[in-house]
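J.: Take this structure first; my questions come after.
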Amino acid sequence: MSRFRRGGKAPDPLSGFRAPKEQEPAVPHGLIKAARKSGQLNLSARGLTDVPVSVWRINVDTPPEAHQNVDFGGSDRWWEQTDLTKLILASNKLQLLSEDISLLPALVVLDIHDNQIVSLPCAIKELTNLQKLNISHNKIKQLPKELQHLQNLKSLLLQHNQLEELPDSIGHLSILEELDVSNNCLRSISSSVGQLTGLVKFNLSSNKLTALPTEIGKMKNLKQLDCTSNLLENVPASVAGMESLEQLYLRQNKLTYLPELPFLTKLKELHVGNNQIQTLGPEHLQNLSSLSVLELRYNKLKVLPEEISLLNGLERLDLSNNDLGSLPCTLGSLPNLKSLQLEGNPLRGIRRDILNKGTQELLKYLKGRVQVPDVKTQEDENSTATAMTLPSESVVNTHAIVTLKTLEYCEKQASLIPEAVFNATGSSFITTVNFSKNQLTEVPARIVEMKDSVCDVNLGFNKISSISLNLCMLLKLTHIDMRNNVLTSLPSEMEAMTRLQSVILSFNRFKHFPDVLYRIPTLETILISSNQIGSIDPTQLIKMTKLSTLDLQNNDLLQIPPALGNCESLRALHLEGNPFRNPRAAILAKGTVAVLEYLRSRIPT
């Protein structure tokens, strides 16, 4: 019987003479070997607390295979190695870098981001070939002055550290193109940054800066400057000289006014939201010919200047959460504007349905109301005003007719539209007619002359008691405003207006909901508040699949039929000011979704 247990391993009789087994290296030898050939070594996310000496000495020490392979004809030519040019030590647990880093003078890229490094070694100055240095997401409080010797450095990433200042010597990095010091503790910036004339991208966001040095204006090649989330109260006038600037971020500061930027003709984006800016004048807008994005949200603007129309290239304008009570009509003339944000402003004088329809409908609305100095026609000059004809009645806005395709004769207190007004249109292709705020008792007969082109008619604030058949012949009409008249009914011939999308009938004398509206399936908006309507037919409203806004406020509705809750297309339903008991005011206050849900719950099953 063997003296060893079955299955057991016999002891090594030479074990006492063998050298102890070496601990497995933190960096596999295969990686080091491959790096000697490629010149690149990636040791990211390996849990390293120190960098192995073999990494620093990769191009100094003779590799182990040199002692094993003396065959000069072999394919593995260990003596033909490449200097290490790229070293990645990111996402480890490093706290310090050895001075032995000087043994890697050929490094072009050094990435040590996402560690716990508190300082850089003085030997960093030996890396004179370094072009990109990423030391972001560490715990560095101070940069060594030796950094100035990195004369080939193009990218320096220092974001998310604990820096309280930048050394004056940073100005010696003469060919630096990218500098990111965001998310640090900087309270000021050295004037020496003005020497970084090759800088293209400069990120100063999320610090504690109260001012920028005047010298920053010397950065003539800078394209992007980000100063978001600081404590800036003003911007130096020298910024206006940064003629290559394309993007300027000044969000979340304490600015009360904007600097004048007369020479920033290449500026494409200006972000100044979340400040305390109260005024915006023409001097801020002129010469910004390339601007495509202007962000002014969360400020205190009360007036938007008419000179906003100078920004012909503007594509996105964010004015949300300001104190704007009105908008300049010239805003409608911006040819490239695709997004206009206005939420949170106390806007008056613009219909809610227009605001709800989005940017393009709002711009169209504003464009149709551009006021241009009136020009008298020859017929007007030869006419003589009488006691029955107000002098203002002989004035025609010919500029609006020719350029805006708008025929406008409003606020004249006229009982008739002068023939000269219609004659002035000539062969122009009129799309908008505005005869509001007069004393008209009927729809002008000659309006039918524009039936092939007109799509928007405003006859609000008159004394019209009925809609003529002439108006029903405007088959291209998409919007009609008849508010504040004395209408009691609508003609059945309106059924032929198959392009009609919006109708405003508020403040008239309707006692019944006009049946003809049920038969116009294209309607999206019906505003018929402040009348005397006593009932509605939900079965007909359900068939109007495009109806999204229905305003029935201040009528005589004694009950709201539960079936109205099945109008799935409704996005805005206004019922306040009626004598019905249900839904209760508390439910109405919750909005359209809650009201429709309540009504559906009342449908008998």
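Using the three backbone atoms N, Cα and C, a Cβ is placed for every residue, glycine included.
Note that this is a predicted model, so its numbers are computed, not measured.
So Swiss-Prot lists the following for this protein:
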type	residues	note
REGION	1-26	region 'Disordered'
REPEAT	129-151	repeat 'LRR 3'
REPEAT	152-173	repeat 'LRR 4'
REPEAT	175-196	repeat 'LRR 5'
REPEAT	198-219	repeat 'LRR 6'
REPEAT	221-242	repeat 'LRR 7'
REPEAT	244-265	repeat 'LRR 8'
REPEAT	313-335	repeat 'LRR 11'
REPEAT	336-357	repeat 'LRR 12'
REPEAT	429-450	repeat 'LRR 13'
REPEAT	453-475	repeat 'LRR 14'
REPEAT	499-520	repeat 'LRR 16'
REPEAT	569-590	repeat 'LRR 19'
J.: Residues of the same chain, at least six outside the repeat 'LRR 11' (313-335), with any C-beta under 8 angstroms of its C-beta?
T.: 273, 289-307, 341-350, 362-371
J.: Residues sitting near the repeat 'LRR 3' (129-151): Cβ under 8 Å, six or more positions beyond its termini, same chain?
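T.: Residues 85, 90, 105-123, 157-167, 169-170, 172-175, 180 contact the repeat 'LRR 3' (129-151) from elsewhere in the chain.
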J.: What residues in the same chain, six or more past the boundaries of the repeat 'LRR 12' (336-357), come closer than 8 Å to it by Cβ-Cβ distance?
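T.: Tertiary neighbours of the repeat 'LRR 12' (336-357) are 292, 297, 312-327, 363, 365, 502, 504, 525, 527, 548-549, 571-572.
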J.: Please list, for the repeat 'LRR 6' (198-219), how many residues fall into helix, strand and coil according to DSSP.
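T.: The repeat 'LRR 6' (198-219) comes out at 5 helix, 3 strand, 14 coil.
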J.: Please spell out the DSSP helix, strand and coil residue counts for the repeat 'LRR 16' (499-520).
T.: 4 helix, 3 strand, 15 coil
J.: State the non-local partners of the repeat 'LRR 14' (453-475) in its own chain: residues 6+ outside its ends, Cβ under 8 Å from one of its Cβ atoms.
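T.: Counting only partners 6 or more residues beyond its ends, the repeat 'LRR 14' (453-475) has Cβ contacts under 8 Å with 364, 368, 405, 410, 429-443, 445, 447, 481-491, 493-494, 496-499, 504.
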J.: How do the residues of the repeat 'LRR 7' (221-242) split into helix, strand and coil according to DSSP?
T.: 5 helix, 3 strand, 14 coil
